[in-house]
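Record features (Swiss-Prot):
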DISULFID  C263-C328  disulfide bond
DISULFID  C292-C363  disulfide bond
DISULFID  C296-C365  disulfide bond
CARBOHYD  N147  N-linked glycosylation site
CARBOHYD  N269  N-linked glycosylation site
SIGNAL    1-20  signal peptide
Amino acid sequence: MVSQRSLLLLLLLTLRDVDSCQGPELVRELVLAKVKALFLDALGPPAMDGEGGDPGIRRLPRRHAVGGFMHRTSEPEEEDVSQAILFPATGATCEDQPAARGLAQEAEEGLFTYVFRPSQHIRSHQVTSAQLWFHTGLGRKSTAAANSSAPLLDLLVLSSGGPMAVPVSLGQGPPRWAVLHLAASAFPLLTHPILVLLLRCPLCSCSGRPETTPFLVAHTRARAPSAGERARRSTPSVPWPWSPAALRLLQRPPEEPAAHAFCHRAALNISFQELGWDRWIVHPPSFIFHYCHGSCGMPTSDLPLPVPGVPPTPVQPLFLVPGAKPCCAALPGSMRSLRVRTTSDGGYSFKYEMVPNLITQHCACI
């Protein structure tokens, strides 16, 4: 049986190069196979469990945007139950605080400040639960020893009257992480456009790695809708992933068919869900893939007007080796990279990676 890797290699040889000469129609499956081959070559195969996974592992949903949210497909749609992930807009960095702290430090030390901006979705919905995930860097033994003498973590909120304590309870979390469950009386804090949290942890170490960034998890449900809101919700949603770039692509005015025959930069909206990688590559959910496509015969508008009595002289593309066939390809040095965020443990940690030379900027017959 031919493996998936061999099949991708075969499709890659068939496509030869995304920016090379192609027929009048570039098969979408071949483009997707080329894109998958480029991603696998740059990032390697995804190191993840299967779709089922270990039932004992708590899987966090995709965290791809500040204030972004996703609906639980298992819940009835009319309930509008959702889960939102909030990353801090700003926060204390390791340049501002020491990397290690001792047991005899003063209470003012070990204070981490984070500014959150709850989205309009969260502020317009009813919060049913909220947790703050914070990377302590401490093992379970250190956490137990600290809790036996004094609370390891204290959470405060900055208000007009100064810092105020936030009622929380410590829950179960993965190693070196603390999960603080906010009490119901603290849920109204998420209705403010700006939320400044101060977390005091004298024993915690400061880390500037992206995968240790703290975040808020908020479960929300819709408030009682009005008649107008119910009518708007009845409108079917867009069944495909979209982005602002894809929306601009759909809103472009139609072009002449002849413009697509000559060498030009084509675009294809590709989602990682379509590639089967939405549990591996969590941001962006989709992107616009640009590639070169079309023939290299001179377009009619560029041909010189015929002169009576003079035989026409064929126009040759510039910068070609004599006898070589021109090819629609990307200009050297014009390829752009794509930055993605991946996870290999279901959402507990993230990794920022770069796929080089993926998106074409300029095309020409060379």
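Positions of Cβ are set from backbone N, Cα and C atoms, glycine also.
These numbers come from a predicted model, not from an experiment.
Looking at C263 (disulfide bond) and C296 (disulfide bond), their Cα atoms lie 6 Å from each other. By a simple count of nearby Cβ atoms, those within 10 Å, the most crowded of the disulfide-bonded residues C292, C296, C363 is C292. Within 10 Å of the Cβ of N269 (N-linked glycosylation site) there are 18 other Cβ atoms, across all protein chains. A simple way to gauge crowding: the CB of C263 (disulfide bond) has 22 other CB atoms within 10 angstroms, across all the protein chains here. If you take the CA of C296 (disulfide bond) and look 10 A around it, the recorded positions you hit from N269, C328, C363 are C328. Cβ contacts within 10 Å of C328 (disulfide bond), excluding its own Cβ and spanning all protein chains shown: 23.
Following the DSSP three-state reduction, the secondary structure of C296 (disulfide bond) is coil. Between C328 (disulfide bond) and C365 (disulfide bond), the C-alpha separation comes to 5 Å. Under DSSP, C328 (disulfide bond) is assigned to a strand (E or B) in the three-state scheme. In this structure, C263 (disulfide bond) belongs to neither helix nor strand by DSSP; it is coil. Cα-Cα distance from N269 (N-linked glycosylation site) to C363 (disulfide bond): 18 Å (rounded to the nearest whole number). DSSP assigns N269 (N-linked glycosylation site) to a strand.
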